[in-house]
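Here is what TrEMBL says about this protein:
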| type | residues | note |
| --- | --- | --- |
| BINDING | Glu20, Asn22, Glu31 | Ca(2+) binding site |
| BINDING | His79, His205, His209 | Zn(2+) binding site |
| TRANSMEM | 32-50 | transmembrane segment |
| TRANSMEM | 62-82 | transmembrane segment |
| TRANSMEM | 171-191 | transmembrane segment |
| TRANSMEM | 206-226 | transmembrane segment |
Amino acid sequence: MADGISSFWGPVTSTIECCENNYAYSSYIAEFYNTISNVPGILLALIGLVNALRQRFEKRFSILHISNMILAIGSMLYHATLQHVQQQSDETPMVWEILLYMYILYSPDWHYRSTMPTFLFLYGAAFAVVHAYLRFGIGFKVHYVILCLLCIPRMYKYYIHTEDTAAKRIAKWYVATILVGSVCWFCDRVFCKTISQWPVNPQGHALWHVFMSFNSYCANTFLMFCRAQQRGWNPKVKYFLGVLPYVKIEKPKTQ
């Protein structure tokens, strides 16, 4: 939320600001809550990465968890500085990440295996170059939503073909977190003037970050379960500290 303060990072050059007073707690952090709310995303991605490496899942899942971490770090840089360059370090990884999700979702049934990763890589590289020179504004949001919508049919197909109750529960948490998070994001954007007059700002955009951190973790865990089923690895959903779900697999000795 613009308040005429430039402080350490200079004048605000990003195209988007959230409903939070700039530099309210530190001269080095423009939006304090929107910055620290990315920490859960880094921690959850790290947990997922350790599990993927420890059980020797396919490299695509390690890359997916790493991309979650890169996105969270990029978001931290953006909200801490409110600079256009750092905004790109948040938005460009968002597109790269969703392209990776598309590959994981659709590649098992893709007849020409080399064409999909090649096309998605070139698409992501081209977007990064164009986005470095152009400010898309609303166009970026529309583009990102379209990419997300392309993933929904495949996610639904995986859901209806999964019989494991615990895995289905993870998928339901995936849907719940994105819905609640989207409401928080929407209210922060649309009702900022009203919220700013409240005694306490609920920090809707920061809550969006937290919910989407769990959303990404649930999506990754569910996809790991589905992929393990495809490979015949006998996946089971276990719980870290009795709360956080993860996938435990048993690979055949030949693998």
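Note: Cβ is positioned from N, Cα and C throughout, glycine not excepted.
Recorded features from TrEMBL, shown on the structure.
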{"residue": "Glu20", "record": "Ca(2+) binding site", "Cβ within 10 Å": "24"}
{"residue": "Asn22", "record": "Ca(2+) binding site", "Cβ within 10 Å": "20"}
{"residue": "Glu31", "record": "Ca(2+) binding site", "Cβ within 10 Å": "27"}
{"residue": "His79", "record": "Zn(2+) binding site", "Cβ within 10 Å": "28"}
{"residue": "His205", "record": "Zn(2+) binding site", "Cβ within 10 Å": "24"}
{"residue": "His209", "record": "Zn(2+) binding site", "Cβ within 10 Å": "25"}
Top Cα neighbour of His79 (Zn(2+) binding site) in the set of binding-site residues Glu20, Asn22, Glu31: Glu31
Interface-richest range of 32-50, 62-82, 206-226 toward the transmembrane segment (171-191), CB pairs under 8 Å: 206-226
Check: same-chain CB within 8 A of Zn(2+) site center, minus His79, His205, His209: Cys18, Glu31, Tyr33, Asn34, Thr35, Ser37, Asn38, Ser75, Ala206, Trp208
Alpha-carbon spacing, His209 (Zn(2+) binding site) to Asn22 (Ca(2+) binding site), which is rounded to whole Å: 18
Pairwise CA distance, Glu20 (Ca(2+) binding site) versus His205 (Zn(2+) binding site), rounded so that it is a whole Å: 9
